[in-house]
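Undergrad: Following this message is one structure expressed as structure tokens.
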């Protein structure tokens, strides 16, 4: 099992933005990574 | 070769589950696709694998169900199986489904090329009598039954999984399955329910060696209770045929003790080997390992980047749904998407009654990976739904990480386990915790509540059992 905890849709989103999930700090429960965490890591503005 | 001069954007070699998924997804994404197939579309799964075995299992289950109906007062005469009709019904299902794949090809404008394929160079494949060029290729040639030299398959007395699908009339009185994996056990139950006296032998010390030990042992106990003999730690050395009977020499792997037992039909189900020979892979620069598997990366690319490989030919687990997913990934990458084979777990199922189904890590695997393992169990004997179905043999075992409460795996022995196992598959992909499952309302009465209770048992809060 990979150490990153992210849903399949978030993992795909990270691939599309070219973000390495192992470098993303997840802010959710059990350090889960959200789409917002990926966006922040990619330096993209958050969407309201 | 220029990109404009090729016949197709993509040529898929093989129309099994992996190949036809790849072809259809690539066509959905706008590529000009052809799929070469030397046999029937649908591959092993539809023609001589998943589908026909499930049909036979269902038919055998009808006989078992009729006997069990006595418990609630329903009696029938002695069941009579019209074997020609059984084979015909099974073949009809296969025909409908393979016809369905052909129709999907047509609807998606996938060209079906008939014939055996062989690379002439890295951009040209000979299919039957014609040369076909393409920008990309997906090799999805699958696998075939591994042989066991002392038992040469004649598809009459010594059969592989394909031969075992043709139920003979009269039925073999004594049936031996060599190998207690999914294929051996499923056919054992088919022939047992139809009326043969059945034994399964397995070299390893447990049935379904890849499964969780507790689950596999509980499963074996239930199959034995049904009347299927299982000899573990046993191998078959060979046989002699006398008066039409097969005198098979069996050997206890630990003690070396030998004995001879008599059978009428022997199934060789000791594994499958990849079909990677005679494909001209050398001229295409595609590397194959010493066991014949094609090496691929997460994008399903081989050592020749525009040639991809998916399914059984790239390695274990040799499961249809794994091939299907890999097919989608390869097609998406070829169409320019940033797709890769990125899954937490692939479910595995043995489709007997009860089923043995699991997803994620076994207890031993979780410990080996360094997790602080917690387990929760729920026996089907405490399930109201299982009682109403007359099938209370089985259990759910859930495995979690004590530190994070994350679900690591679930191992289910239960009727229809494959259908409610998907819940745990989603939990694993979503990185759900045991608490997430506990807080999810499960319909009552259902077998799926056993997953909820096993999760609650991890926290010592299952309601319908004492929590130990």
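The backbone N, Cα and C atoms fix where each Cβ goes, glycine too.
Given the structure is predicted, the values throughout are model-derived calculations rather than measurements.
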Undergrad: Which single residue out of B:100, B:271, B:280 does TrEMBL record at the NAD(+) site shared with B:179, B:180, B:181, B:182, B:183, B:184, B:185, B:186, B:202?
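TA: The candidate from B:100, B:271, B:280 that TrEMBL ties to NAD(+) along with B:179, B:180, B:181, B:182, B:183, B:184, B:185, B:186, B:202 is B:271.
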Undergrad: Which recorded positions among B:50, B:54, B:179, B:185, B:312 have a Cβ sitting under 8 Å from any chain A Cβ?
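TA: It is none; no candidate comes close enough.
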Undergrad: Give the distance between the Cα atoms of residue B:185 (NAD(+) binding site) and residue B:142 (FAD binding site), rounded to the nearest whole Å.
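TA: The separation of the Cα atoms works out to 22 Å.
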Undergrad: Tell me the coarse DSSP state (helix, strand, coil) of residue B:54 (FAD binding site).
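TA: Going by the DSSP assignment, residue B:54 (FAD binding site) falls within a helical segment, counted as helix.
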Undergrad: Are any of B:45, B:50, B:181, B:183, B:202, B:444 (the recorded positions) within 10 Å of residue B:312 (FAD binding site) when you go C-alpha to C-alpha, and if so which?
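TA: Of B:45, B:50, B:181, B:183, B:202, B:444, within range: none.
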Undergrad: May I ask for the distance between residue B:319 (FAD binding site) and residue B:45 (disulfide bond), taken between their Cα atoms and rounded to an integer number of Å?
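TA: The Cα atom of residue B:319 (FAD binding site) is 9 Å away from the Cα atom of residue B:45 (disulfide bond).
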Undergrad: Sequence gap of 6 or more, C-beta under 8 Å: which same-chain residues meet both conditions with respect to residue B:202 (NAD(+) binding site)?
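TA: Residue B:202 (NAD(+) binding site) has long-range Cβ partners B:179, B:180, B:184, B:209, B:230, B:231, B:232, B:233, B:234.
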Undergrad: Which numbers of helix, strand and coil residues does DSSP report for the domain 'Pyridine nucleotide-disulphide oxidoreductase dimerisation' (B:346-455)?
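TA: Split into helix, strand and coil, the domain 'Pyridine nucleotide-disulphide oxidoreductase dimerisation' (B:346-455) gives 40 helix, 33 strand, 37 coil.
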Undergrad: Do me a favour and check the Cα-Cα span between residue B:444 (active site, proton acceptor) and residue B:54 (FAD binding site); whole Å is fine.
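TA: Between the Cα atoms of residue B:444 (active site, proton acceptor) and residue B:54 (FAD binding site), the distance comes to 28 Å.
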